[in-house]
């Protein structure tokens, strides 16, 4: 597998709709001149933004978290330009960008150093060949203090790896349960 460059990312986004909306360069400031956490195309990846809808874990119902029988009441919905994650807690968000992953590509998501250096960890499982949708982002606040996530700014980086041959069975072929997700998507069993 080979990691793909900015040229390949731009070509696939602009000619094949792999990322929408797409930013061909790296954005560091708003049109008004305000600094933002960078997003857009980088040397060997694409920095994604998160939307304004968040789900924050709460212990109001004192439920046990079970991925096979998940209780949506374990979350509080938040909509806004920022999300404050309580100490040692967790939140979900989604990317503004919609992805269409080619059949011979696997995409890995890593957190941005700006957040990692503040104790905020981003976790996303790989975007498999022929998966498409908005990515549900998982944020963990590992600190003893509240942590802030900024909507419409960079939160994670996608790296694209191209195989030397297409996979035998893609995510679309097997009817993956998160295909076409749009917005924050909770666990499905």
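In case you wondered, yes, glycine gets a Cβ from its N, Cα and C as well.
Record features (Swiss-Prot):
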- 138: active site, proton donor/acceptor (ACT_SITE)
- 112, 113, 114, 115, 116, 117, 136, 137, 138, 157, 171, 181: dCTP binding site (BINDING)
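Shown on the structure are the features that Swiss-Prot records.
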residue	record	Cβ neighbours (10 Å)
112	dCTP binding site	19
114	dCTP binding site	14
116	dCTP binding site	13
136	dCTP binding site	20
138	active site, proton donor/acceptor	16
171	dCTP binding site	20
What whole-number value in Å do you get for the largest C-alpha pair distance within 112, 113, 114, 115, 116, 117, 136, 137, 138, 157, 171, 181, the residues recorded as binding dCTP?
33
Please report the three-state DSSP label of residue 136 (dCTP binding site).
strand
Whole-number Å value for how far the residue listed as 'active site, proton donor/acceptor' lies from residue 116 (dCTP binding site) (Cα to Cα):
13
